[in-house]
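Taken from TrEMBL as is:
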- 14-44: region 'Disordered' (REGION)
- 28-40: compositional bias 'Polar residues' (COMPBIAS)
- 51-69: transmembrane segment (TRANSMEM)
- 54-184: domain 'EamA' (DOMAIN)
- 89-109: transmembrane segment (TRANSMEM)
- 121-138: transmembrane segment (TRANSMEM)
- 144-162: transmembrane segment (TRANSMEM)
- 169-190: transmembrane segment (TRANSMEM)
- 202-225: transmembrane segment (TRANSMEM)
- 237-256: transmembrane segment (TRANSMEM)
- 268-292: transmembrane segment (TRANSMEM)
- 304-323: transmembrane segment (TRANSMEM)
- 329-348: transmembrane segment (TRANSMEM)
- 350-389: region 'Disordered' (REGION)
Amino acid sequence: MAFGNNDVNSPISIARWSTEQGRRPPTLESSPLLQGNRPSLHQGKRSDIQCYGYMLGAAVSFWTMNASAKQLGMYHGLAASEIGFIRSLISLPASILILHFSSATTILGDKSIWLHGWLRGLFSFGALVCIFFTMSKIDMGDATVLSFTSPVWSIFLGSLILKEKIRFIDLFFTALSLAGCVLVAHPAVLFTQMPHNEQDNYWRPIAIGVGLLGALCQSLSFITVRQVMLFAKPHPMQLLLHLSIVSLPLGFLLALAEDQTWIMPSDWQAWALLAAVGIAGVIGQASLAIGLGGHAGVAGANNIMYFQVVLAYIADMIIWHSYPDVYSTTGAVLVFSCGIIGLVSARWTQPKPAPKKADNLTAEGATDHQDGPVIDMPVVSGSPKQFRP
């Protein structure tokens, strides 16, 4: 359809009116009609600080979940597999309920995310099994250090799979945080002599290998979440729903192979702790998905999870009255300092938006605007006449 220069509905007249009102004319980049057809990484627009905030919330939620699970195991006699099964049992209906009242179009999400959701469930379940096996064969301090090597894997897997740039600052803070974690856990392999029991010496290298495999599975779970959040942009609860669907049958099969018998909680405190495990797990997984889907790289965001070590260190003193030694104190301070410095440095290294250039538009030169050619679309209210093609 052709327009004259004096037609109030023509693109040039629209541009002239927009310029007189101090507004930019609609372009290909700003058109809401075309933005729906262009790929837009909504999760990727979050700043590093926001991503780290979500990851910190995930760390606090997971710490609450683990502390409640420890209370259930120590004082109420519940098996670890039973606690994990109940956690998935709470997450499943919670995810469906939240998705029902959210803006998500479907409960399970688009079929393009199903594979990622199932893979994430398998990796998370594999990490859980490996950690349980490692803790049953070697000291908990050793197993803790092995499980927290996942950020190291994340740096290289993020570069290999997601093509993310490896930054020196991520390597530096990961190494310092891992050193602090070693000091907090003070594993026996570094701080004491090796056991003389031949059976322990036989299982130790196997358990260490399985522990590293568990850390790799945990890192792959994080990578899977970040990849699907960046390129498919599902609702975070859809990923949690797929995780629960995969974890429930696998957790039940694991319980059948376990020697410890499941028991029914007998008092309200046990039920309250089970509710805390489920609710904290839902909040933690949702915060994790949002944080990994933001602008910050998977390595930098994953380093915030080291705060769990500091929180566990505080909980040991307040709840279980277990006071740390000088190694644990030094390590906790080191981990906490690295997290704070990482947050501050993220603010420094965040790219600044480009300054806006002044618009020197004329009616005749409106189609030569730097943002692209002007397209036919309605103008905002208050214009001389609404556009009608």
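Every residue gets a Cβ built from N, Cα and C, even glycine.
The largest share of C-beta pairs under 8 angstroms with the transmembrane segment (237-256) comes from 89-109, of the ranges 51-69, 89-109, 121-138, 202-225, 268-292. For the transmembrane segment (51-69), the partner stretch with the most Cβ pairs below 8 Å, chosen from 144-162, 202-225, 268-292, 304-323, is 268-292. Most Cβ pairs under 8 Å to the transmembrane segment (144-162), among the stretches 89-109, 121-138, 202-225, 304-323, belong to 202-225. Counting residues 6+ beyond its ends, the transmembrane segment (268-292) has Cβ neighbours under 8 Å at 43, 46, 51-55, 57-59, 61-62, 64-65, 68-69, 71-72, 76, 78, 83, 86-87, 89-91, 94-95, 222, 225-226, 229, 236-237, 239-240, 243, 298, 301, 304 in the same chain. The average pLDDT for the domain 'EamA' (54-184) in the predicted structure is 81. Nonlocal intrachain contacts for the transmembrane segment (89-109), taken as residues 6+ away from its ends with a CB within less than 8 angstroms of a stretch CB, comprise 117, 234-235, 237-238, 240-245, 248, 274-275, 277-279, 281-282, 285. Tertiary neighbourhood of the transmembrane segment (202-225): same-chain residues 116, 119-120, 123-124, 126-131, 133-134, 137-138, 142-143, 146-154, 157-158, 161-162, 189, 194-195, 239, 288-289, 292-293, 298, 302, selected by CB-CB distance under 8 Å and a gap of 6+ residues from either end.
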